Amino acid sequence: MDRSEGMDTLENSMPSGMSMGMTMGGHQGHPPPDIKPDISSLTSPTSTHGYYGFGPGGMPSMASSTQPSPGPQQMHSPGMHSPTSSMGSPPMLCLSPSGPSPSPGLPHSSLHTKHICAICGDRASGKHYGVYSCEGCKGFFKRTVRKDLTYACRDDKNCMIDKRQRNRCQYCRYMKCLSMGMKREAVQEERQRVKEKGDGEVESTSGANNDMPVEQILEAELAVDPKIDTYIDAQKDPVTNICQAADKQLFTLVEWAKRIPHFTELPLEDQVILLRAGWNELLIAGFSHRSIMAKDGILLATGLHVHRSSAHQAGVGTIFDRVLTELVAKMRDMKMDKTELGCLRAVVLFNPDAKGLTAVQEVEQLREKVYASLEEYTKSRYPEEPGRFAKLLLRLPALRSIGLKCLEHLFFFKLIGDQPIDTFLMEMLENPSPAT
């Protein structure tokens, strides 16, 4: 099923009575309540939910818990709190046979193997570069070697690397790959074999772009990009302004995701899980890139300009400075274009570590396709900058860390009032706004 067919199955009217409000006051300094989602109608026989936490040195990590789905479940982060509220009965989904289905080229994961990944303990997909490993660790090692990437550990170079925490520290993950026997020369030999086939490398790269066209990713960015010719300085509290802008952007975020190649081919519940896992990073990346044109502040989709001094006066200067320094300034310095922004956001969207996914391998493959298409794009568009692809990927850890801190600072606390984000996204996906 192609993307247009997947979207046609969702073409209904917007759910009535949906309203979103801001309730920032009275919550500062108090942890939000735990999530108690009941999504037993979505996953069977078990479902897993994850949360972000902080590892040593402030590095982000993913933690998870696995519980039977028939009853309400709780998700709690000891290190931080998510912008959530208690949740009533979620809208029931009826996934008809004509609904979104996985692409024929992306078979559902049904492989059972007796081997586990020597690096993180996840299920191994085979022996890669001399070691039984999962697709995630295989791809991580291959990118590290091919791009000659270097990492730094923010702790004592002894971070725990397992299925839940493998994204915490890239340095320690790479060192564990080496210590468990992964061979750098195996990656290089693999690449050499491809080159010896003549045009094979070009065909492979071109094929990746055809399956994940950057042109379509750019179209998704342009379709939801607010047209801002002029902007005015914000007068209200900057936290309120940011939350209200993000509140409105959640609508366009769902529409953006549906335009990303293959997203609507995933199971509907997986679409919700991916958006739930990445919405904060996706929004932050968007307004950071938009703020390239702003002077010492961020430019919101509403046209309001939030100055650095206002953020400091509101007590959120530290995280605001990080946004300006680690994201906005870096994007400005390298003149990151919207195609590159869209690809980075697609990488965030296709997060195979999001807990509860049923199509983990498909999502992993889609992320790899985005990587391949982005690499091809940077090589062809910026041939004089051979390190540009790696430079782009280095923004992702900063984006993840800042996204967590923004949640911790309650930037998006009670983002949609009493409407929990899970239910809101579910309704948006099930009943999208009419195409314009």
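Using N, Cα and C of the backbone, Cβ positions are placed for all residues, glycine too.
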Checking 153-172, 233-252 against Swiss-Prot, the stretch recorded as zinc finger is 153-172
In the three-state DSSP scheme, Ala301 (9-cis-retinoate binding site) belongs to coil
Cβ contacts within 10 Å for Arg290 (9-cis-retinoate binding site), all chains included, total 20
